[in-house]
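Per Swiss-Prot, the features are as follows:
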- R71, G76, A77, V78, F79, K134: ATP binding site (BINDING)
- K134: (R)-lipoate binding site (BINDING)
- 29-216: domain 'BPL/LPL catalytic' (DOMAIN)
Amino acid sequence: MSSLRLLISDSYDPWFNLAVEECIFRQMSPNQRVLFLWRNADTVVIGRAQNPWKECNTRRMEQDGVKLARRSSGGGAVFHDLGNTCFTFMAGKPGYDKTISTQIILNALASLGIQATASGRNDLVVINGEDERKVSGSAYKETKDRGFHHGTLLLNADLSRLADYLNPDPKKLQAKGITSVRSRVTNLVELLPGIDHGKIRTAIEQAFFAYYDEQVSAEVISPQSLPNLPGFTEQFAKQSSWEWNFGQAPAFSHVVDTRFIWGGIELHFDVLHGAIDRCQIFTDSLNPTPLEALAQRLQGAAYRPDAIDKICQHWIDDFPELQTELQQACHWLVEVLR
């Protein structure tokens with residue numbers, strides 16, 4: 001039996017790809033060396049310990065249909081589109097060594113005429129003009145008997161969109177968790193016009209085979225053609241769930257405020273595991289009672305616009321004589337929390 005395994009995903013769904021990655025990692029033989037190549041359509045991928053409300057412009061993402069995906073490894077937030085090629089190297093210990101997988105990527109780039117170097121713990125950089133620019137970022141995960149190294153290569157990504165989704169709204173947000181470090185980046189197409197996913201994928205495959213002096217046939221996987229992956233359905237459900245992608249956020253506080261004709265309101269939220277642990281409302285309204293009632297209702301609710309909207313609608317029903325004013329407040333609150 002070969003010690004190598006090559007998997008290619010035909011899916012652009014980040015939740016599918018991350019679920020496949022996790023299942024293969026858990027079930028692989030400790031003596032195997034696995035290469036998994038994949039791409040995600042418009043997605044912000046965050047590290048295991050990150051806070052999406054701190055890292056991302058969640059409102060803009062929802063408007064533009066950009067998915068949020070939390071990975072099981074550490075590190076920072078990145079934007080993926082089809083101009084990125086994603087790679088995952090997996091191996092059992094003691095064979096797992098992230099310097100080997102880094103070298104395979106460097107060898108693949110060199111075979112295409114691109115001279116890149118490793119920088120720090122996670123990045124690959126190239127010289128573009130007089131500047132050093134990042135073309136690849138990575139993250140890692142290790143267990144007792146195995147490990148994986150995964151990352152992205154910027155081929156022809158829409159770099160203008162990085163600022164759209166990776167700069168959060170200017171909210172009064174105080175949060176714990178790991179903050180992403182923004183780097184100067186460039187696309188490989190700037191160095192090698194005509195490079196595309198097919199070419200870089202082939203180069204990585206050939207560098208993988210050359211390093212281990214062995215070749216295997218690729219296993220192409222998609223939602224219609226899955227390998228035998230026990231537990232995949234459950235893992236996909238987890239990867240695609242609000243509870244994993246948002247609810248795993250570290251504790252944070254969020255303050256929002258606005259002013260209506262009938263008075264100003266300021267809400268202070270303490271959020272723990274994606275739920276409102278504490279809510280305080282301050283107002284100069286002549287009738288603060290409805291807003292005080294809302295603060296009580298929001299306690300324990302999921303910190304998500306649809307859940308808060310549902311609570312607000314029931315709250316409005318309790319004060320029919322103030323329906324217009326409270327609808328204004330509800331609409332504002334749901335929108336500001338997107």
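The backbone N, Cα and C atoms fix where each Cβ goes, and this holds for glycine too.
Keep in mind it's a predicted model, so treat the numbers as computed, not measured.
Positions of Swiss-Prot features highlighted on the structure.
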residue : record           : contacts (Cβ under 8 Å, 6+ apart)
R71     : ATP binding site : L18, V45, I46, G47, R48, A139, H150
V78     : ATP binding site : V44, V45, G137, T152, L166
F79     : ATP binding site : D42, T43, V44, V45, A157, R161, L162, Y165, L166
Number of other Cβ atoms within 10 Å of the Cβ of G76 (ATP binding site) across all protein chains: 19
Site extent for ATP, whole Å (max Cα pair distance, R71, G76, A77, V78, F79, K134): 21
DSSP three-state assignment for K134 (ATP binding site): strand
Lowest local Cβ density among A77, K134, which the record lists as binding-site residues, within 10 Å: K134
